[in-house]
Amino acid sequence: MDADIPIGQNTVRLKFKGQYMSIRIWAIDPDRNNAYTPFDIGACVPDSCSEDDIRRYMTYGEKSVVPIEVYNGKQWNNIWADSGAIAMICIILVFVLIALIATVFDMAYVQRMIEASKTQETIHKSMRVASTHAKINKAFEAPEEKANYYSDKGEVSNGDAKGRDMDKKNLADQVYTTLEMTHIGSNGVSKPEPLPSKPPKYEPSIGTRLLVSFSVYTNMSRLLSFDAPPGAYLCLNAIRFLSMCWIILGHTFQLGITITPVTNPTLNPTDWFANKYTSLFEYKALTHMQLAVDSFFLLSGCLIAISFLKAMARQGGTVTCRQMALYYFHRYWRLTPVYMILVGFMATLYMYTGSGPLWPREFPDAVNCKKSWWWHLLYINNFYNYGTQSCMGWSWYLANDMQFYIISPVIFIFLYKVPVVGFIISGILFVGNIVSIVTLHLVGQASFEMDYIKPYSRIGAYIVGVWLGYILWKNKGKAVLSWWVSLLGWVLSLGLIFAMVYGDWRCPSCTKIPAWLQIMFLSIQRQGTAIGVAWIIYACITGNGGFINTLLSWRGWIPLSRLCYTGYLIHPMINYYYNFSRMQQQYMRVWPEMVVAFGGVLTLTIGFSIVVTLLFEIPMLGIEKVIIPPPAKKKN
């Protein structure tokens, strides 16, 4: 940027760059009885200006203002003085270095060994096939004592002049290579010699397998594979990913816009939220996007129930110590490493990823993650004070899911051995879920901290999943339904989901819903959504899904569904970055601002999820398979 600066009678042309400064002052808020409230002003100033320069400028003149704080947003200037940030950078670099070494080693050595082993196995199979077929060679009609020959290097040894003068084409048809090792008798019939022993298959050592667990080459092929194990319920992949998209859609409209009243990146927050977002019919799918989380609880309960009941069936209806130990270890190991990496990233590095006039001086999540990370490590973070200690506030889902997972074996064991008792226990939990929500609303305690994130308010959808899993296990995923029963089920399920999403809408001029009816609706909204989705799953798995099952069972959903766990953890960070790294506030509209923002956040979520999954998640699962091999199969 060039600027002409007058100095006395002369003008000096200077070159400089601009920078954004955020200036916080006290302002009178008429909506709060004219109370003083912090107010931020964004200013573009030359890059040579320091924070002290801006303070002196603001206090100069008759209408001076004493700023509370001046902030240039250049967080990276301070990163090398932050020991936590440096430690986190080192941890990430170690994983990147290991992945690089593992990838090179995998491609340069392991893959070559695997290919060589496959080649040897192919050669051995061809020799076995060749030895099973008798071949007649008309060139050999000499007496037996003169006809003991082996073909060698594509040449035929024969003293017979007729054999030497054979046509080249006939010769090519009758040549035997050393791979066939065929003995030629006097009758012209080949007699196979004993084949060499089968070459040993390449088996990498434990150390090699541990290292290759970090190989991006191998892990990428696993991540992007469209293969699924036999008997897999393919429709679940689509439901999982589409639920993830619904959550991202809702958070795109919510996160970052209402995170703090001081640094608000929206020009029209009051008009948008009061007059459009929370009142218009078409936006109910956004305000109720949290119902997608209940789809996750449903899927979790269903799959865990099926897996546990199948394991019990294989073990003759018993529960072994090994089974229970692996049951808990696998879940903790599956979720925790990548979870803790992202908690550490939020606590130490996230604040340095952006800058600008809207970038917060200090992220509450970052501050709280340094204090309360161990709550997340123990999966009890949904029980601390979210109002003042929120660290990755969206992680309440993981705490609930782990808590449901811990208590589930009691239900599963009774469902297997005494189904009536199992249904009674799970039924009590289901009814207790409804009663707790009603009670919280009646006493005025139905807040985010007391209702939204607590297990007693969320377990209903999980129980529906457990019941679905039991039914699918019991009938082995098969059910013959008449066309009218299937049609009725689809109509009721889709109607139920629609009612749970839009059922509490009223036009601005309409009579408000009575309080008691509103409470009853909220107490069954989550469970009703889960029941509707449960029918879709049941119909698709049992062969009553029609074209919907064809759509949901498309194998293209498989790699996308593998990214849902890391995607759930990452996407709010991307939302925060998008909203707070802007150089100007945005006017909230569905089109084009929010639609474009949703597409960008979804795309970036998938991209970053691939990186995190390859570096942290899949390697940890690979290590588990090495240190805890599956039990040997018993021979009948």
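First residue shown is number 1, and so on along the chain.
Yeah, the Cβs are placed from backbone N, Cα and C, and that goes for glycine too.
Where the annotation comes from TrEMBL, it is an automatic prediction and has not been curated.
The transmembrane segment feature in TrEMBL is assigned to 85-110 (among others).
Taken from TrEMBL, the feature domain 'Acyltransferase 3' covers 235-607.
Positions annotated as transmembrane segment by TrEMBL: 291-311 (among others).
The feature transmembrane segment is assigned by TrEMBL to 332-352 (among others).
According to TrEMBL, the transmembrane segment annotation covers 394-416 (among others).
Beyond its flanks by at least six residues, the transmembrane segment (423-443) meets 410-411, 414-415, 450-451, 454, 456-460, 463-464, 466-467, 519-520, 522-524, 527 of its own chain at Cβ-Cβ distances under 8 Å. Look at TrEMBL and you will find 423-443 (among others) tagged as transmembrane segment.
Under the heading transmembrane segment, TrEMBL lists 455-473 (among others).
The transmembrane segment annotation in TrEMBL covers 480-503 (among others). Packing against the transmembrane segment (480-503) from elsewhere in the chain are residues 281, 284-285, 288, 291, 521, 525-526, 528-529, 531-536, 539, 542, 544: each is 6 or more residues past its ends and has a CB under 8 Å from a CB in it.
Residues annotated as transmembrane segment in TrEMBL: 552-574 (among others).
For the transmembrane segment (594-616), same-chain residues at least 6 beyond its ends with a Cβ under 8 Å from one of its own Cβ atoms are 95-96, 99, 216, 219-220, 223, 245, 248-249, 252-253, 337-338, 341-342, 560, 562-563, 566-567, 570-571, 574-575, 578, 588. Residues annotated as transmembrane segment in TrEMBL: 594-616 (among others).
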Interface present between the transmembrane segment (85-110) and the transmembrane segment (552-574) (three or more C-beta pairs under 8 A): no
Cβ contacts under 8 Å made by the transmembrane segment (291-311) with residues that lie 6+ beyond its boundaries: 236, 239-240, 243-244, 246-247, 250, 323, 327, 397, 400-401, 404-405, 408-409, 412, 415-416, 458-466, 468-470, 472-473, 500-501, 525-527, 529-530, 533-534, 537
Residue numbers, six or more beyond the limits of the transmembrane segment (332-352), whose CB comes under 8 Å of its CB atoms: 75-76, 78-79, 82, 84-85, 87-89, 91-92, 360, 362-363, 365-366, 369-370, 373, 376-377, 391-392, 395, 398, 402, 565-566, 569-570, 573, 576, 612-613, 616-617, 620-621, 624
